[in-house]
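**Student:** I'd like to ask some things about the structure below.
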């Protein structure tokens, strides 16, 4: 979302890349764009709308409020090429995750804070099937996962039921609330994704997990990390453009209007 490239339609656009297949909500950005264009056309970029919508989603999920920096410009290119869509997968190791975030100018603390977003939302069973049924070819579940959690996830994700979903937060009282229960679950060995649980076992990240599990300022710290994430790779000044439609670049819009 750094330059709104994921919003562009096309047969080989970024939204068609495998890691983005589960992304939803494009129509919400469309509706927001239509509304702001009627009031102040050509002023608010689609990239800014993504950042603003993310802030509102955090607030509506109980995660507090933070100030969004605006002034982003929209990119002109969207590609599904793997070199362009570099999203870490759920089986990534902690050192690999730290390196991936560092490559974007974010620290290990930023990474752990941002993964706190896993206190809301769902994961498809395909992302955890191996972990709960046949971890590393053992025919058994990942021994780092609490047995009660294994049983719970297996009931929802029997073998081959890869399209089913489970809550990323296994706290039954707050699966829809953005809070620090994600970190508390990790300490209880209830992390759903492999990377989640490994954060609690790695000697560099476990102290961060323990601190956040017992903190009262998670919302503020998460918001600050989101602001830092929102500054990664943005276009400003005369770079890119302010799209009239988030789904196509302006040249395509103008061509369509001219018939």
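The backbone N, Cα and C atoms fix where each Cβ goes, and this holds for glycine too.
Quick paste from TrEMBL:
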- 1, 3, 5, 14: Ca(2+) 1 binding site (BINDING)
- 88: substrate binding site (BINDING)
- 46-246: disulfide bond (DISULFID)
- 125-157: disulfide bond (DISULFID)
- 1-21: region 'Disordered' (REGION)
**Student:** Could you round the CA separation between residue 3 (Ca(2+) 1 binding site) and residue 46 (disulfide bond) to a whole angstrom and send it over?
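**Tutor:** Roughly 8 Å, rounded to the nearest whole number.
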**Student:** May I ask for the distance between residue 125 (disulfide bond) and residue 46 (disulfide bond), taken between their Cα atoms and rounded to an integer number of Å?
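**Tutor:** Residue 46 (disulfide bond) has its Cα 32 Å from the Cα of residue 125 (disulfide bond).
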**Student:** List the Cα distance (Å, whole number) between residue 88 (substrate binding site) and residue 14 (Ca(2+) 1 binding site).
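**Tutor:** Checking the Cα atoms of residue 88 (substrate binding site) and residue 14 (Ca(2+) 1 binding site) gives a distance of 15 Å.
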**Student:** As a quick check of your reading of DSSP, tell me how many residues in the region 'Disordered' (1-21) are helical, how many are strand and how many are coil.
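**Tutor:** Once the DSSP states are binned, the region 'Disordered' (1-21) shows 9 helix, 0 strand, 12 coil.
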**Student:** If you measure from the Cα of residue 246 (disulfide bond), which of the recorded positions 5, 14, 157 is the nearest?
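**Tutor:** Among 5, 14, 157, 5.
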**Student:** I'd like to know which of the disulfide-bonded residues 46, 157, 246 has the most other Cβ atoms within 10 Å of its Cβ.
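**Tutor:** For the disulfide-bonded residues 46, 157, 246, the Cβ with the most other Cβ atoms within 10 Å is 46.
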